[in-house]
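Worksheet for the structure shown next.
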Amino acid sequence: MSVRTRFAPSPTGYLHIGGVRTALYSWLHARRQGGRFVLRIEDTDLERSTPEATAAILEGMAWLGLDWDEGPFYQTQRMDRYREVLAQMLAAGTAYYCYCSREEVDAMREEQRTRGEKPRYDGRCRTRSTAREGVAPVIRFRSPDTGETVVEDLIHGRVSFQNSELDDLIIARSDGTPTYNFCVVVDDWDMGITHVIRGDDHLNNTPRQMQILQALGANLPVYAHVPMILGPDKQKLSKRHGAVSVLEYREQGFLPDALLNFLIRLGWSHGDEEIFSREQMIEFFQINTVNKAASAFNPEKLLWINAQHMQRLSPEGLAQHLRPYLDAQGITEASLAQGPDLSAVVALLQERAKTLVEMAEAARIFYLAPVTGEVKDVEKHLHGQGALLESLLQHLEALPVWTAAAIHSAIQELAVSHAEGKMGKIAQPLRVAVAGRAVSPPIDGTLALLGKAETLARIRHARSWLAAV
Ligand code: GLU
């Protein structure tokens, strides 16, 4: 039977990074087995589900390239089907109407507690044959009384539950709406899911879902419950640890493949390897080798992995990823067209930048001349350097070829004649004049790319406003 996996998020907030890891594992398992990956939006909680959250899920999945073969299916559009299955179960006697009021159930639990028993619904409506006037009943699943339900989990191993511990679950509320565990069961059944890969916060739901599937005569899927992600302090990962929404990582300038690489490594390994391409992830991933212990999120490692992925892309490929971040820096198509070739700029910056945001900031200087009032580090590096700028102009202007090597030699000569051989004493004022601040990629390469005319124009401009202050 071909493998079918699914990702089934509830659209009640942003797409959480922990959910993305579950989605990734589920997607990888399908891709590796040549199976199909289904996306299902579990939106039955009408109060907490929003269209914005659904949109954020779809956007996040698309950004990450976690493409789905079927769906998105929406549970709110499947209500007729759930009602149909409820009716079948009532007819078959695997479900029954329960007319107990809340007070009655509460009193039952109270008595059980005083007897020292674990509170549970005692099944008294299983045999109640008549409706109660004016009471809208719930529907309960008729669960087995004895035996055990065993989850052979691919990650957690064998987990067994005593059936006597599991009481008759409500599968439809008194207003007729089906409950969460029931919808999941019908969906997994209808969608032919062979492998349920989900967060281990759902492990306790699994025996109940298995019992209902059995009552329906459905094949049981294989289960794999993925542990959660912890913050660096080993507490459950939450907002106070930083970004948890996947789209925030896009905003911060991470490459989708780098984020996936980081997530796959949380609790899974392949020898000592750290960096995986998307193809390698598909080739190597095995769901049954995921750790059952929760893993901690390490932001430094994410940055490192991102830098590694940035370095491995071709400059042209990386330039494509960079475009939206340049937009955000106010670098328009027009200024890109006037400045140096973007791939060449990327090649110069590729070794150093850890994120696309950092790279876009560093790329600014190639497309936007420094604005006089915004130049930084003037006090420290540029004041009183009018004469130096003058000599720089002369030396650079006189260069017969405009290459990084020629520019480097010119700076070196000036360092010898003006600064006791200290390159920094020349390079820093030059950086501030040309780039508007004392940090830039290697100055010779920067000027080579910027071009002779633009470099000289910027130095002249700095010289004239320096003279005026
Ligand atoms: N909708 C559930 C959640 O977002 C997932 C349920 C499942 O995967 O079975 O936690």
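Placed from the backbone N, Cα and C atoms, the Cβ positions cover glycine too.
Note that TrEMBL annotation is computational and uncurated.
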Which of these ranges is annotated motif ''HIGH' region' in TrEMBL: 9-19, 75-85, 306-316, 372-382? 9-19
Between 101-105, 236-240, 421-425, which stretch does TrEMBL give the note motif ''KMSKS' region'? 236-240
Three states by DSSP: which one describes Lys239 (ATP binding site)? helix
Counting only residues 6+ apart in the same chain, whose Cβ is under 8 Å from the Cβ of Lys239 (ATP binding site)? none
